[in-house]
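Annotated repeat 'TPR' per TrEMBL: 43-76, 484-517, in sequence order. Annotation comment: TrEMBL describes 518-560 as region 'Disordered'. The annotation compositional bias 'Basic and acidic residues' is assigned in TrEMBL to 519-535. Positions annotated as compositional bias 'Acidic residues' by TrEMBL: 537-560.
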Amino acid sequence: MEVPKDQISTLLDQGLYSSAQMLGCFLVSSPAANAESSPHLKSESLVLLGDALFREREYRRAIHTYKQALQYYKIIPKQNSTTTRSSLQSNRSSSPNSFNVSAINENEVKFKIALCYCALSDNKAALVEMEGIPSKARKLQMILLMGKLYRYARHNRAAIAYYKECLRHCPYVFEAIIALAELGVAAKDIISLFPQTPIRSGKTPFDHFDSNRWLLRYVEAQCCIASNDYKGGLELFLDLLQRFPNNIHLLLEIAKVEAVIGKNDEAIMNFEKARSIDPYLLTYMDEYAMILKKKSDYSMLNKLVHDLLNIDPTRPEVFVALSVLWETKDERGALTYAEKSIRTDERHVAGFIMKGNLLLAMKQPEVAVSAFRNAQELRPDIRSYQGLVHSYLALSKMKEALYAAREAMKAMPQSAKALKLVGDVHASNSGGREKAKKFYESALRLEPGYLGAALALAELHVIEGRNGDAVSLLERYLKDWADDSLHVKLAQVFAATNMLQEALSHYQAALRMNPQNEAAKKGLERLEKQMKGVDPDAPDDDEDNEVDDADGDQEETELL
């Protein structure tokens, strides 16, 4: 009795993978698919069964089945082999979604095996399979996968070569554009790869600069972001958004950059706009969760996490969002979710950032250093530098902290946050406070609205007994930026100078703006003790920890 081979293809095309798998078992074991008399039919049947297993996400079974198919393919007589190859070129797609075939292609089966290994996060085995495919036989999706696998293996030169090859085939492979930008390739070099061969109208795809200007500007934007020129990248993305309003991809890219540079209100607005267009988005939603946590908007955070769990509870973004939500309740539980996001996707930067911040909060700075290093290797941004600096300071490793802060300043010379980071290291010891003051002031000149630097400078004034200067600075900022953190800092200064009524007023103002502000809650508790005449415990004075680095001082002066 014959098993209809074409019917398994129909089932696969219709998405009935479980039925296709069952029928495949009959097909593989039928007398017609005898390994000795019909090795070609046996190999074809095994590939179809492997395709069904692939779609059912039974990747190890699929690999085993595909490899069996290749073994039988090798014993097909050479004359049949030639026919097989030629027939496949016209009939067979390399995607596991297409199955209307009459023969198999060895190279495409190897590609499917590689895809299975990738799904199992076994990138080394995937690369071995892909390297077994002759370069001339590799299609565009194969070339892209080669680029990704070499990048995962940290063979960046080879990865760049494959990503460039992708763009020579098609300029719209956005994954290749982003990867090349992140690997440090200049925008002009990426644009030079775009095909210049004439099309039917006789014009080349990029003859008319204006008509394709958007793609060139997109390349420039990604290169700006990758080189930490967030301001330049943001301007280019916003310009593109005017041309393509309500573009979800652009809205998410803009919101992500705004989140990184601390423009939280703008980021929230753009994340919400993207979600209003497509409520089932998952991309960068963990970044959105982190901002909501910073703003102490727990009702929105709860709703976001609830929505994400209903969309797909297996994605790394969802695990990070859960980690953010659990942070205030149970730090260990939050850490479990952060680690789960990394196990789901070992290249998920937000997972490493979240893990590092949690470990730092849990007084485990040594392990936090490792997490921030991992984030930095994947895609460095200001947050990984901040994490490294604060981890090293917690470990009293001042030289390492200063080195990391200077690295941030070199990588982001136009970043007020990077300047503030160097100031933080100098401020950690009494001998460096004058240097710290210069860095904080430079940060505020570069970005007058950067409250982090204003608060740090105010703290420095207080430490050195210049309470009046601290109050003047904070009140000046409060006129233009209504922020609960400014009220808290003012309250702390007033409390330290025994102006208790003024301190009470500012703590209450901070809690009206943000009822979840922990610093305001603790400060108010402390203030109530003072108002009752009880002297609260004075904070311990930190021991001086000098940093002596003459070469670095000269380098800093040049950068300033």
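The backbone N, Cα and C atoms fix where each Cβ goes, and this holds for glycine too.
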Inset, instruction - May I ask for the residues of the chain that lie six or more residues beyond the repeat 'TPR' (484-517) and have a Cβ under 8 Å from a Cβ within it? - result: 295-296, 298, 451, 454-455, 458-459, 462, 467, 470-471, 474-475, 477-478, 523-524, 526-527, 530-531
Legend entry - Overall pLDDT of the repeat 'TPR' (484-517), taken as the mean: 85
Legend entry - Secondary structure composition of the repeat 'TPR' (484-517) [DSSP: H/G/I, E/B, coil]: 27 helix, 0 strand, 7 coil
